[in-house]
Amino acid sequence: MLLTVIYIIAITAEAMTGALSAGRRSMDWFGVTLIACVTALGGGSVRDVLLGHYPLTWVKHPEYLVLTCCAALFTIIIAKWMKHLHSIFLLLDALGLIGFTIIGCQIALQMGQGFVVSAVAGVLTGVSGGILRDILCNDVPLVFRRELYASISFVAVIFYWFCIDFGLSLEITVISTLVFGFSLRCIAIYFGLEMPKFIYKDDDDQSASSKDVS
Amino acid sequence: MLLTVIYIIAITAEAMTGALSAGRRSMDWFGVTLIACVTALGGGSVRDVLLGHYPLTWVKHPEYLVLTCCAALFTIIIAKWMKHLHSIFLLLDALGLIGFTIIGCQIALQMGQGFVVSAVAGVLTGVSGGILRDILCNDVPLVFRRELYASISFVAVIFYWFCIDFGLSLEITVISTLVFGFSLRCIAIYFGLEMPKFIYKDDDDQSASSKDVS
Amino acid sequence: MLLTVIYIIAITAEAMTGALSAGRRSMDWFGVTLIACVTALGGGSVRDVLLGHYPLTWVKHPEYLVLTCCAALFTIIIAKWMKHLHSIFLLLDALGLIGFTIIGCQIALQMGQGFVVSAVAGVLTGVSGGILRDILCNDVPLVFRRELYASISFVAVIFYWFCIDFGLSLEITVISTLVFGFSLRCIAIYFGLEMPKFIYKDDDDQSASSKDVS
């Protein structure tokens, strides 16, 4: 129940960030709507296709699809005022990241998967909507370069797993994972924490692979 | 039967546009063939994977796959004369768009889906082949920026739905949707009709996301 | 048994090439790990999703996923010395290409598919991990432009098919296909053999589609 509320908040927030990305690339309204849907529902779809968990969420509940389309069109209307809402968005996005992660993890556990696969399912649900958005907008996915994001999703999975293992009830586990992951993400944003980067230069290959963009 | 003929025309035309896109990026013959297949058969594959509708069309009918490969190689041979065929291609592509849309919509209806999911299935079948082509060629998908395209696919779905709801027989519905959608697309091309674009500038994010291409 | 050993060598080698690609784009450790996993396991996942062959390999054997993550992190540590290992990598990658191809082909045959679909399954398993890696790194897939690669995968499938058709036992078929394909790839690298390229210039379209990168 709590998760459904968080899920609805999360897909709305993600749809709006997708719509803004599409707007930065000057796409038409259809492109904006499609990228909003992919950002909001793509993570769960990737998870369900990879796990063979049919029907997908938006096929079973087309109302979520309608909701993301409305959120996309609403974003076009209120775009002028979006800059002032930047910090609210970061918080909603953080809530969505942890919410998606918990949902993805739970679905894999319900399918009888073990720790590794549920961790992957959780992280994939959390981050792959944003990755698909960046691929469609022809960017290198931001998730690989900005402050702690996917790694927080992964830490939340571990926390969730420990709570379950510790014998806590499902409600307490979900709520404490939400609080824990959300706080961690807020700390990461506030202090600008980043993962260490791996920088590799290899002259001959580099020139070949950057030919298109220079 | 009519739909099968249109489907074969459509995948041939789409395969040829895919091959030309690959040629613009100076790909080798294998890349040309693969991009032709993805452009022609990718839309249906995306739909079938998302709906869990197995086996995919080209797995059940590998002859379609052979046809698209032949179309790709044929395109390499006749590339010199392609410029003069530009308008014929636009018409075949328009026919394909509507044909794909109807087929996608019908498959979702046969699976017992409602309006929202069949509309998505129809539009996805129509446009996602071209989106995959543009992702593989490292372009921002054209479908989000050129004249009315995906939106015509969506309008065709609504028209189709109304015809069915009105009690028209399947043949008449298919034929009238084809005529309606095809005319609409021709009008859009002729007058250069475009959807309104959503242009959003956000200085700090913009600089971050365009770092790769400048 | 032999195939399992080759599969493990292949996913390790592919994971390391994926990690290096991510390093060229200065991604953080999470991005490096994810791209390594996609490169190593993405080919098989694409094949299994398209054929509806569930559960996917890494869902059934999560230990392969752990192995690719370890290979990615190991690559970060030994990156300084990687340049000296360049030729070993090319050989391991060649081995992996043929190993992946044979495995993909066998799985399709076990599912009762005919020649065309098993050939596609074999080639897809061999090359689509690398294609996904290049899409996530925002490159035009290298596989479409460098020396004979995907075509060797295809020739290996034909060779494999002839051996089976000729009545050879499975072990002899696998071993001789491996030797044949591996030699072919080594010859292609040594002599820099390339497929003919298809170069198509179309002034008005070209300017439209290259707008983003210039």
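Yeah, the Cβs are placed from backbone N, Cα and C, and that goes for glycine too.
On a predicted model such as this, the values are computed, not experimentally measured, just so you know.
If you check TrEMBL, you get these features:
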- B:5-79: domain 'Glycine transporter' (DOMAIN)
- B:91-163: domain 'Glycine transporter' (DOMAIN)
- B:64-81: transmembrane segment (TRANSMEM)
- B:88-109: transmembrane segment (TRANSMEM)
- B:115-136: transmembrane segment (TRANSMEM)
- B:148-168: transmembrane segment (TRANSMEM)
- B:174-193: transmembrane segment (TRANSMEM)
Request  = Look over the recorded stretches B:64-81, B:88-109, B:115-136, B:174-193 and say which has the most C-beta pairs under 8 A to the transmembrane segment (B:148-168).
outcome  = B:174-193
Key: Range from B:64-81, B:88-109, B:174-193 with the greatest count of C-beta pairs under 8 A to the transmembrane segment (B:115-136)   = B:88-109
Task = Sort out the residues at least 6 away from either end of the transmembrane segment (B:88-109), same chain, that have Cβ-Cβ distances under 8 Å to it, and list them.
result = 3, 6-7, 9-14, 16-17, 43-44, 47-48, 51, 53, 82, 117-127, 129, 149, 152-153, 156-157, 160-161, 174, 177-178, 181-182, 185-186, 189
Residues of the domain 'Glycine transporter' (B:5-79) by DSSP state, where helix covers H, G and I = 65 helix, 1 strand, 9 coil
Counts of helix, strand and coil residues, the domain 'Glycine transporter' (B:91-163), according to DSSP = 59 helix, 0 strand, 14 coil
Note = In this predicted model, the domain 'Glycine transporter' (B:5-79) has a mean pLDDT of 92
